[in-house]
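Feature list (source: TrEMBL):
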- 101-179: domain 'RRM' (DOMAIN)
- 46-75: region 'Disordered' (REGION)
Amino acid sequence: MTQYLPPNLLALFAPRDPIPFLPPIEKHKHHRKLPYTGVAQFLGEFEDPSETPAPARIETREERKERKRREKQEQANYKLEQDLALWNPKKNPNATGNPYNTLFVARLNYDTSEHKLRREFDVYGPIKKISMIKDVSTGKPRGYAFIEFEHERDMHAANKDANNRKIDGHRILTDIERGRTRPDWRPRRLGKFIFCRLGSERRHYLIVSENL
């Protein structure tokens, strides 16, 4: 097939020039072959195997992830125990006066004011106090509040009727105050449980929350 190729392509397949021959290098006049000898005479220079420390075990990626997860879990549990020991809603200076007359309102719009909240709930009865919860470090609202009515029946009426109502574009959630009325209740941030009512149904759901 190559005989049909043009000369310019045949030049690409032409053999190269042979490698030039070089005479072997002459051995040095002092060079001589020595016989192979053993290494028994050098064994004393080596380290004693009985004194060799055990090799350090390298932690695998899975073990490192598990260790970090376990350490994080231990820190969370320790912080949870500390927060539980310090948590006492009955000694809160900003709490309302009567917990049985207090309504818990959650999922509030951050722009909702106390005046707006009072106007929405004073239809159920006279209001004694409204506590808008804010962040202690930034001063920004947390999105929930406590409303203390003068009469317990007014609080229950508001809890029944105002749940799922829309205020400033947000559907709120109402419930009775449980921090001071139920000794076995804990807030969700403390890894226990909360009771809440979803929708318009008069029932409570148990939400289990662990390791928060």
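Each Cβ is built from the backbone N, Cα and C atoms, and glycine gets one as well.
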- request: Over the span of the region 'Disordered' (46-75), count residues by DSSP class, listing helix, strand and coil in order.
  value: 18 helix, 0 strand, 12 coil
- prompt: Can you count helix, strand and coil residues in the domain 'RRM' (101-179) using DSSP?
  reply: 19 helix, 30 strand, 30 coil
Query: Can you give the mean pLDDT for the domain 'RRM' (101-179), rounded to a whole number?
result: 88
